[in-house]
Amino acid sequence: MARGALDWIGAELEALDAKGLRRSLEPIGPAQGPVVQVGGRALVNLCSNDYLGLAADPRVRAAAADAAMRFGAGSGAARLVAGDLPPHGALEARLAAWKGREAALLFGSGYHANAGVPGALVGRDDAVFSDVLNHASIVDGCLLSRAELVRYRHCDVEELAGLLARTRARRKLVVTDAIFSMDGDAAPLRELAELCDRHGAMLYVDEAHAAGVLGPNGAGLAEALGVQDRVDVHMGTLGKALGAFGAYVAGERRLIELLVSRARPFVFSTALPPPACAAALAALEVVATEPSRRTHLFALCARMQAGLARLGFDVARVASPIFPVVLGTEARALAAAAALRERGWFVRAIRPPTVPHGTSRLRVALSAAHDAAQVDGFLAALAAVLPDLPPAGPRRAG
């Protein structure tokens, strides 16, 4: 029975509908992959973060199944109570070695890590400097820390330098995505590391969309740019390129020891399920032994980038498997997604507040499980639907 106290929700949902901003769930099946079943139809999946195609890899699945039989389906408690099982420590050691750090700590999700770690490092007398296009979880974590939140223009090192020079904060924390999830471009980590060294600031890098994809060993953008030792807090996820679930922070041992006591999402959450840890360990082995996956992925990326540029989209700054097809209005993005679906392509419309107003888009994401024919087919389908979209202003990246 509906309760009167919730009657206001109907008007809120109608307002979201009117603005083209109402979200809805859309089940896929039977498993994550380059082609999925959606609404009874087989569609090419271009909106997953499964960048290496490992979510359904038989070795990753088998590792998860074996761990479920050996250690159970769930951990049963927080790590600090009775939930610290062998797969947790094994995965943390492997992640620390992969990132070239002394230690690592697992979190329930990337959102958990970003929401909790800043508050363990800074507080009321401190300041956090955050790229204006950082992920929502970073923004929320900065706000929860109660430090002063200073947002600098996207990748604007010059503006950040001035802000750091003027601050009188006790502690300073610079936070950035490595790869920005809605634009696919890369943070200027070398320059940010230089600024942090100069001003005595801590550098926190979210490698969610870079770990597994970039760098000689797939360890992320910091590895690719040779600045791993200059990043204080390496955050990454297990549910994107690694195809599993969860997140981690890697860094100096003293940092990890502090987070064990002060990172509230770690302290007050049930530990990651053992099958998720085992799946991530198996995925890390694939990353280490099959660099050809990354080579193939970036060959597809070059093909997609060239094709989108020919269609007039600004993708010159893209440095990842993420391509923003910016269409402007919510109506155009929704119409494009619907038209592409009719032609066999599954790509979702991304709208405010996820992206700024006026930059609604299709977020196209490639996987090593895709092939060149699928890239070419999508580009042809996109070219065919563009003329029939509602009118809008010039296309520009967000």
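Cβ coordinates are placed from backbone N, Cα and C, and glycine is handled just like the others.
Remark: THR354 (substrate binding site) has ALA136, MET182 as non-local neighbours, by Cβ distance under 8 Å and separation of at least 6 in sequence. Annotation source Swiss-Prot lists substrate binding site at ARG23, HIS135, THR354.
Less than 8 angstroms from the CB of TYR111 (pyridoxal 5'-phosphate binding site) sit SER137, ASP140, each of them six or more residues away in the same chain. Residues or ranges marked as pyridoxal 5'-phosphate binding site by Swiss-Prot on the basis of sequence analysis: GLY110, TYR111, SER181, HIS209, THR237.
Look at LYS240 (N6-(pyridoxal phosphate)lysine): DSSP puts it in coil. Swiss-Prot lists LYS240 with the feature N6-(pyridoxal phosphate)lysine, giving sequence analysis as the kind of evidence.
Cβ crowding, taken as the number of other Cβ atoms within 10 Å, peaks at HIS209 among the binding-site residues ARG23, HIS209.
Per Cα geometry, SER181 is the residue among the binding-site residues GLY110, SER181, HIS209, THR237 nearest to ARG23 (substrate binding site).
In sequence order, ASN49, ASP50, TYR51, ALA208, HIS209, ALA211, GLY212 are the residues near LYS240 (N6-(pyridoxal phosphate)lysine), counting only same-chain partners six or more apart with C-beta under 8 A. With HIS135 (substrate binding site) as the anchor, the candidate binding-site residues are GLY110, SER181, THR237, and the one with the nearest CA is SER181.
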